[in-house]
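Lifted from TrEMBL, the feature list:
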| type | residues | note |
| --- | --- | --- |
| ACT_SITE | C373 | active site, nucleophile |
| BINDING | C257, A258, A259, P260, G261, G262, K263, E278, D304, D320 | S-adenosyl-L-methionine binding site |
| COMPBIAS | 1-11 | compositional bias 'Polar residues' |
| DOMAIN | 165-439 | domain 'SAM-dependent MTase RsmB/NOP-type' |
| REGION | 1-28 | region 'Disordered' |
Amino acid sequence: MTTPARPSSSKPRGKFRPAPPQPDPTRDVAFDILCGVVEHRRMLENSLSRSAAAHQAEARDRAAAHRLAAATLRHMGTLRTVLEPFLKKEPPEPVRVALMMGCAQLLFLETPPHAAVGTTVSLLRRRKLAPFAGLANAVLRRVAGNGPSVLEGLDQPRLDIPSWLWTSWAGLGKGVPRAIAQGISHEAPLDITLRPGAQAPEGGIALPNGSIRLPAGTRVTELIGYEEGAFWVQDAAATLPARLLNVQASERVADLCAAPGGKTAQLAITGAEVTAVENNPARLLRLKENMARLGLDVRCLQADASTWQPDAPLDAILLDAPCSATGTARRHPDVLWVKRPRDLTTLTAMQDKLLAAARDMLRPGGRLVYAVCSLQDEEGPARARAAQAMGLVPMPFTAEELSFLPEALTPEGWLRTHPGMWLDKGGMDGFFAARFTRAL
Ligand SMILES: C[S@@+](CC[C@H](N)C(=O)[O-])C[C@H]1O[C@@H](n2cnc3c(N)ncnc32)[C@H](O)[C@@H]1O
């Protein structure tokens, strides 16, 4: 982050004019991202692409902004609560955003107090919110003066998860919402999947599923072997659905909803004939780039998977359906504050449409794995039951298949992971998966 400006002091008198605020691309971009999430319920990536500051910023500043915004989002409930006693009346939302960002730097990012306070004051002045600069100065100085004691007695995991999500996760088991909140409370490590025979980059730790875990903040493109296609980025939990499809080299396989292609790569590396279907042109491009970097021969198609039809019935299908993505909140904490219960209605309707389409693409005896990176019952178990009602026959996962993660096997033979699993190793994303076959 750039050098702090001096905190604004008392009111200007006479001919004195305050110095122009210092440029600070990191905080400008972080502020834009956070306002997008908080005021407009816009996903972080979407806000980033709309931010004029982000377009002008260097990659290093954008990355720092991303980290600052993510830390603020991860602790947003706590930050709101901490600020409350210091505010006599409700400030406009952008001012509160700037205060939360300043407060996150003080309490969670070890930014020196003079920098956290000074840069917040400067930010407000740059953003035509100068009348609130004095308030920010006073409030943040008081928070800094109190130090970590402002967090004492706060139930941070509970505060940092919106109530509707906390309640919805109660069905996952006693203590699970709290464990999930713990998993989300810190930056996620970087997981990669190695090509068979490739060497793990230095500093990586092998996880029980075979993924290699590197410290949070590792820049993947700078790792030896990236350009050569020795590995791809994929959370440990995200490797499981494709693995559980048990694809053989001789099979004809479709990956429906494929970009950016982590699971496509897993399927293609078996030697199977893989068609990857993706409806978003920009994401299709990323998928193609990834397959080219990995040197994998995959037919990549732009099509709507709910209407696309293969030339002949398929042996195996992976349907990694679009979903609320609440299971990825470790990496995308904006999900927590952007998604609403009503989003699930549209998503589950699309998931059913895709399931019915996938069923019709399968040959009798063929296999289908349905997966979502969601923690919501509506998108997981409820869809597995809907698939059964559509005539798909359950093919439960077995204890042997999940011997390295027995806690993820449900009594129904489904897969359920969540960010509270492997907490001692750095957690994992939340996935649901179920396997079916088409009756002979
Ligand atoms: C959960 S992501 C897939 C992640 C991917 N399977 C992987 O492992 O890298 C869902 C993807 O489905 C795409 N998508 C959404 N609706 C679709 C549809 N009707 N047909 C094809 N692709 C779709 C989205 O653009 C998005 O890229």
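Keep in mind that glycine also has a Cβ here, set from the backbone N, Cα and C atoms.
All TrEMBL annotations are machine predictions without curation.
Distribution of TrEMBL features across the structure.
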residue : record                               : Cβ neighbours (10 Å)
C257    : S-adenosyl-L-methionine binding site : 24
A259    : S-adenosyl-L-methionine binding site : 23
G261    : S-adenosyl-L-methionine binding site : 28
K263    : S-adenosyl-L-methionine binding site : 26
D304    : S-adenosyl-L-methionine binding site : 14
C373    : active site, nucleophile             : 28
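Spanning the residues C257, A258, A259, P260, G261, G262, K263, E278, D304, D320 that the record associates with binding S-adenosyl-L-methionine, the maximal Cα-Cα distance equals 19 Å. The CA atom of the residue listed as 'active site, nucleophile' is located 14 Å away from the CA atom of G261 (S-adenosyl-L-methionine binding site).
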